[in-house]
Each structure stands twice: as structure tokens, then as C-alpha cells.
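Peer 1: Supplied in C-alpha cells, the structure appears directly below.
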Amino acid sequence: MSPLLILLLGIVLILANGFFVAVEFSLMAARRGLIEERAEAGSVGARRALDGMRNLNVQLAASQLGISVVSLMLGWLIEPVVGSAFESLFGLTALPESVSNALGLAIGLIIIALVHMVVGEMVPKSLALSAPEAVAIALAPVHRLVVGLVRPAVAGLYWLARIGTRLVGVEPADELAQAHTAPELAVMVAESRAGGELQLTEHELLVGALGFLQIQVSEVMAPRQHLVTVPNTATVAQAEELVHQSGHSRVLVLGAAPDQVTGFLHAKDLIAVSPELRSGLLPPGIVRVALSVKSDDRLEDLMQKMRRTRRHVAVVMDHGQLLGLVTLEDILEAIVGEISDESDGGPRVQRGLREADREGEAYRREAGQTSGDADQ
């Protein structure tokens, strides 16, 4: 075989090595959600990439087999040609033949290794990590054919790999884990914000939703000293006047005891009472039933309870003592931040944002990552 043909074959082998490297890294780095969207849109390459991600061990075994075979062939075919060329060059000098042969062999190995590493390893890896979805979709169909051709060898390698992982007490997985914990998601959101992928509003919504899982009722409730109450012996006119003066749309109705909550009144119900009944006591049915929760209950559980019962107001009671009031608006503000209306007297603390930021920061410290301000 002529040296020129061998060099051309070497170029093909290096490109083949790059192909296997790109497939390997793109399948591991690609975001499954984006691949699934393209697959649902009818992309054949996306469907093949999705199949590869679901059987990742087989795909990686085929890629590793290809990389190993290519590396061996490069050393066997190309190195002697390059080495002999440098041996001939050094033969023109006064160097002893043994020195010329050794230098030619060493330089040949260095050149092949450099070209192999840069063109066959580093460049395709960088491309795959820069645009993993595009690379996976483009290369997966061809790689599927390669896997089909070498399936017996891949099956053997896969079987040996499973035995090896079990020997060290690890159960092999066929695909990358896609699930993330809340602290991991908080870190991802912070990094996306720092990288300019999320606007400030999007960042606040996501962080608030993550922090929401850790918030207790006591953190968002309106405390008792800020509540507006009316006795159940009040008239409609008295209750309406109290609502008007306070600026609140809801007031609690108390029984004979200070902590006996019989329900709450809504301003729109009072307005709907006919004029001839305004001087009388509160009519039956106008007092709405409120949920009862404890101060250490989680907002997540309260929200589920509100959805089940279709009631949006809850009184906070501990050991028979009235501590405060929580509405659906308070829960939403824990997620999205302050929701202002005409009766608001001042800003509330955005507890959801604070909690999730703390959680993400703690996770970054545990992971050994450098903390940074997501808004910078």
C-alpha cells in the first residue's frame, strides 16, 4: 500500500474517531426535553437520538469500541509511514542510524498522537458540548447503523461491563438520571440566571416556586393583631361599616369566646344584602366557613387542601388559640412575590425567593462550587 493511500486512510480513521467521540459526548450532554420536542415534531434524527439516550450503555460501548479500534489502526498503519519519513530525513545527517531510527519513531508517535488528540478527540468533544442536541440528532442515525453492524461485540462488552459494575456494588443503568432534587434545581436556576438565560422575572418565579416547598404557614400568615374581626352579634350595617373602614375584603366572625372563629364575611356578600335587612343581625348563610390549619403546616399542604375544598381562607389555630389568617393570595405571594392591590398598606417579604436562594446557596457550598450572585 502506497504511503499516500495510507495517509488518506489515516485521515479517515481520525475523522471516524471524532465521529465516535462526538456521538458519545452529545448523547450524554443533550437535554432530553429538547430531543423529545424534535422527535414529536417528526424528526427522524431526534427519534434515533432519543433511542440512543434510552440505551446509553449500548451506545457508549459501541463508541468506545470504535475509538479503540481506530486508535489501534492508527498506530499500526500511520506511525510507521510517518516514522520512516523522519528516519529518511535524519538519515541525511551525520547522526548514527540507530539515533535516526529512534528520533524518527519518537517524532512520528508525537505527531500522530497530537493530530489524534486535537482533531479526533478535543475538537469533536468541544463541538458536541457546544451544541449537544444538534450533534446528537445529526449523528445518531449513522451511529445506529454502526451499532447494528457491531452488535455482537457490543453485547459482549456490555455484558462484561455489567459484571464489572456489579462487582463493585453498583447497579448499572441504561440511561442517565434525569430527575433532580429541589436544591439541584435551585442551583441550575441560579446558574441559568448568571449565564443570561433567564430574565429577572423568570428567575424570581422559578426560585419562588422552589422555595415554596419549604415554607410554613406561620411565615406568610397575617398575625392576629393585624386581623379585623366582628362579633357574630353584629348587624349587617355594622359589619359593612367595619369592612369599609378597614379596607379589607374579608373579616373574621368571632363567637362568644375571643378565640372562637365561626367563619368570615366577604365584602361582596354584605353588599348583596337587601337594604331592609341591613339593620338586622347577620343572616344565615352569609358567614362563610374557613379552613383551620396549624402554624407549622406547610404551604404546599394547605394549598392542596384549599384546592380540594374550594375554600381560599384558613384560620391558623394552635391549641385552641387563634394565631392568624392565611388566604390564597398569601400563598401566591410566597411564589411570585408581592401582589399589590388597593387595600395593601405596605410590602411583604418575598419569602419564597429568600428560602430558595438560601437552599441553593447551601447546596452549592456542599458541592464545593463557588457561590455567586445570580443577578450579576
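Backbone N, Cα and C atoms are what each Cβ position is placed from, and that goes for glycine too.
Here TrEMBL flags 352-367 as compositional bias 'Basic and acidic residues'. What TrEMBL lists as domain 'CNNM transmembrane' is 1-204. Look at TrEMBL and you will find 221-280, 286-342 tagged as domain 'CBS'. Sequence annotations record features per position, and here TrEMBL assigns region 'Disordered' to 341-376. Annotation comment: TrEMBL describes 6-30, 56-78, 98-119 as transmembrane segment.
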Peer 1: Mind checking which residues reach the transmembrane segment (6-30)? Cβ under 8 Å, same chain, six or more beyond either end.
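Peer 2: Same-chain contacts beyond the ends: 49, 52-53, 56, 59-60, 62-64, 66-67, 70-71, 73-74, 77-78, 81, 112, 115-116, 119-121, 123-125, 127-129, 132-133, 135-136, 139-140, 142-143, 176.
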Peer 1: In the predicted model, what is the mean pLDDT computed over the domain 'CBS' (221-280)?
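Peer 2: Averaged over the domain 'CBS' (221-280), per-residue pLDDT gives 87.
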Peer 1: With DSSP, how much of the domain 'CBS' (286-342) is helix, how much strand and how much coil, in residues?
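Peer 2: Final tally across the stretch: 20 helix, 18 strand, 19 coil.
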Peer 1: DSSP says what for the domain 'CBS' (221-280): how many helix, strand, coil residues?
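Peer 2: Helix, strand, coil within the domain 'CBS' (221-280): 22 helix, 17 strand, 21 coil.
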